[in-house]
Amino acid sequence: MATTGTKSNIYPSVHGKEKGSQNKSGEPVNEAQVDLLSAQDQLVQDVSSTAVLTPLDDDLVGEPQEVDDRGNWSGRFDFLMSLLGYSVGLGNVWRFPYLCYKNGGGAFLLPYILMLVGVGLPLFFMELAFGQFASLGPITVWRINPLFKGLGYAMVIVSWLISLYYNVIIAQVLFYLFASFTDSLPWISCDNPWNTNNCLVFNHTERNQAVNASVQSTVMTYIEGAAYNLSSAVLSNLTSGMTEAATTTTTTTALPDAETTTRALAATMNTPAEEYYRYYVLEQSKSIDEFGSLNWRLAGCLLLAWIVVGACLIKGVQTLGKVVYFTAIFPYVMLTVLLVRGATLDGAMNGVIYYLKPDLDRLADPRVWSDAATQIFYSLSACSGGLIAMSSFNKFTNNCHRDAIIVAILNCSTSVFAGFVIFSILGFMAYEKGVDVSEVAKEGPGLAFEVYPEALSRMVVSPLWSVFFFIMMATLGFGSQFSIVECVLSALLDEFPQLMKTFRRSLSFRVSMMVLGFLLGLPMVCGGGIYLLELVDYSVGGFPLLIVGLVECVAINWIYGFNNFWGDIQMMIGDRPKQYWKICWTILTPFVIVLTIILNAIFYKAPTYKGLPFPGWAEALGWLIVMFPVSAIVVWFVYYYCKKGGFRLLKMRSMPLPHWGPALANDRKDRYSPERQGQQNFGTLQYQVGQKIYRSHLDVHEIARLLAGSSTTINTVNTQMTGASSTMTLETGANPTPVGSIWGSNTSV
């Protein structure tokens, strides 16, 4: 409630001082003495900034609601493993290493660590404490401030969108995993039905120097021939005969320098791994405009992925807490094995140097800092509701402060560790191809499904290493996916508890959500599905997470208040507030998020796939995806405000003041005459809370409606009408006399 020169969140007199009185039924009631001044006396008040009286609301009174038995972690390590599996995902392996290389190598670690300290860790701890204190999912937990319940819906929307495309990526991982159980990997050669004439196996080891010289010559001939519009048959023969030509022909053509030849080769040729991914796994169309038909092989893997997710979440956290021990620990085992293997390969050290070589000049680029802040959201999975959902199943006294620090540090350390694994292999691949590491470094699916498989195919016993790698990728993906989906399920079950009245009803709901997720993911396994996946990923992971994080910080630490929030945390863990958390939650973290949003807007780039821009309608679809979760915050705020009396309050506060009218007394006639003004019964509601007195200019009838619901004594003084005082008592009891409905509640007067 706003007041003149005073900020207060005190509700009306029903929450006022105990008087110890009783109503007609003998029940104790709360009483508040309220003086109603006349319209004439109101003229001496500061009528331009009178208080706004908050209406009595059913949501604001009553006994605390008990939470139904929603399950708990069976042990502390169940929660830690789930949290680690949720936070450490595919982004740690295929996004962070590339960003580190692109943004200055080792120099990028400085902004990354600073963003972890200033943004990532504060948000991580805040959400864990928030969920654990209330033991509620990300929607229902906003009992802390019902106006911001839309923030919970925004979180769930973000998590649901992420789960849809994340499981499609897991389906692709499963596809590769099954394809690896063979004696020869299918992406080694260009002799497969799906390969095109642009497929080329290109090696650059010492024993293949002669081969490469002929290949370079043939490629240049191919390029020159294209300039002279040679027939497609001739070009096909040139391309398909490259390997044979290397051993049977020589050339006298003057070759350009190696760098020029390599770039020409990269611009016109595809590796077998690239063509396997594009034309066999994805059955990729030329653009999103050509969406194509359903890829049944990939659809089958998607179905399997949702079956695995559903089976592991069939009983909620009880089953999830057991599965995560494998999905959280096994990736570290495989990362270590792959690092040891990568370190023994030729050229591995060159890759590591490219990964960590510091370029301090890059720190002057604001985009580097923006990338670091955005990556923190990716790494820690903050602001998507999962942290709140996971911690809500904790015991009330669990030390979430310690857990937040442990998992946040482990998560970011994993990102750095994964970089060594990835770039040691990329260094080997660059050595094999005789190119710079920058020529083979990619991010996202391009790294996992094009570059890395090609590197694996060049190892001894390549199928074995391929199986290890894709098992690691699958466990990383499932570890995060389990928690993402459980966030959505637990949020909806908390908000609609009737869905979990019986195990059968809860089971039906969970199975239905898995089926729905599978159906909504099918468009992403069509020919143009990879474009849609890239568009959703690009749209969800940027502005929505940043905006949710900003509003969440403000709602908890500014509106609810840092002192109140830390008091809740102290109730759980008994720790005293530290200035670090207060500075971060109230000032530093919101400031950095706002700055990141501004930088992302300034340096905004339209989404592309492999350098190809999306058409206008697809870019518009991307912005609709961005606005979908963000609009939930605004729509709910407006809806709840109007539903709970905000619209009527706005209308009431827009009424003219009693002394509105002609300035001269002689001109005040009809409804502006003193007699008519007195009959309007305008006055000032004055009530006291502690040592502070609040006033609000209202109509008597509005005052009656607002204060009804408790035994409230209203002393009216209207010297202009009667010059005497009268008393009206509104009380609740067994049989109150109904004289009107109460605005914003079910109470009658």
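Just so it is clear, glycine is given a Cβ too, placed from its N, Cα and C backbone atoms.
In TrEMBL, annotation is done automatically, which means it is predicted and not curated.
If you check TrEMBL, you get these features:
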- 1-11: compositional bias 'Polar residues' (COMPBIAS)
- 1-30: region 'Disordered' (REGION)
- 728-749: region 'Disordered' (REGION)
- 79-97: transmembrane segment (TRANSMEM)
- 109-130: transmembrane segment (TRANSMEM)
- 151-179: transmembrane segment (TRANSMEM)
- 296-317: transmembrane segment (TRANSMEM)
- 329-356: transmembrane segment (TRANSMEM)
- 376-393: transmembrane segment (TRANSMEM)
- 405-431: transmembrane segment (TRANSMEM)
- 467-493: transmembrane segment (TRANSMEM)
- 514-533: transmembrane segment (TRANSMEM)
- 539-562: transmembrane segment (TRANSMEM)
- 583-603: transmembrane segment (TRANSMEM)
- 623-642: transmembrane segment (TRANSMEM)
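Two recorded stretches are said to be in contact when at least 3 C-beta pairs lie under 8 angstroms, sequence spacing 6 or more; the transmembrane segment (109-130) and the transmembrane segment (514-533) fall short of this definition. Only sequence-distant pairs (6 or more apart) were considered; of these, at least three Cβ pairs between the transmembrane segment (376-393) and the transmembrane segment (405-431) are under 8 A, so the stretches are in contact. Looking at which of 79-97, 151-179, 329-356, 539-562 has the most CB pairs under 8 Å to the transmembrane segment (467-493), the answer is the stretch 151-179.
Here the transmembrane segment (405-431) sits apart from the transmembrane segment (539-562); fewer than 3 CB pairs are under 8 Å, leaving out pairs fewer than 6 apart in sequence. For the transmembrane segment (296-317), the most Cβ-contacting stretch among 79-97, 329-356, 514-533, 539-562 is 514-533 (pairs under 8 Å).
Within its own chain, the transmembrane segment (329-356) has Cβ neighbours under 8 Å at 81, 88, 97, 100-101, 105-106, 414, 417-432, 437-438, 441, 459, 465, 468-469, 471-472, 475-476, 479, counting only residues six or more beyond its boundaries. Proximity of distant same-chain residues to the transmembrane segment (79-97), defined by a Cβ-Cβ separation under 8 Å and at least 6 residues beyond the stretch ends, is recorded for 73, 166, 169, 317, 320-321, 324-325, 327-329, 331, 355, 375, 378-381, 386-387, 390-391, 393-394, 398, 403, 406-408, 410-411, 414-416, 418-419, 421-423, 443-445, 447-448, 473, 476-477, 479-480, 482-484.
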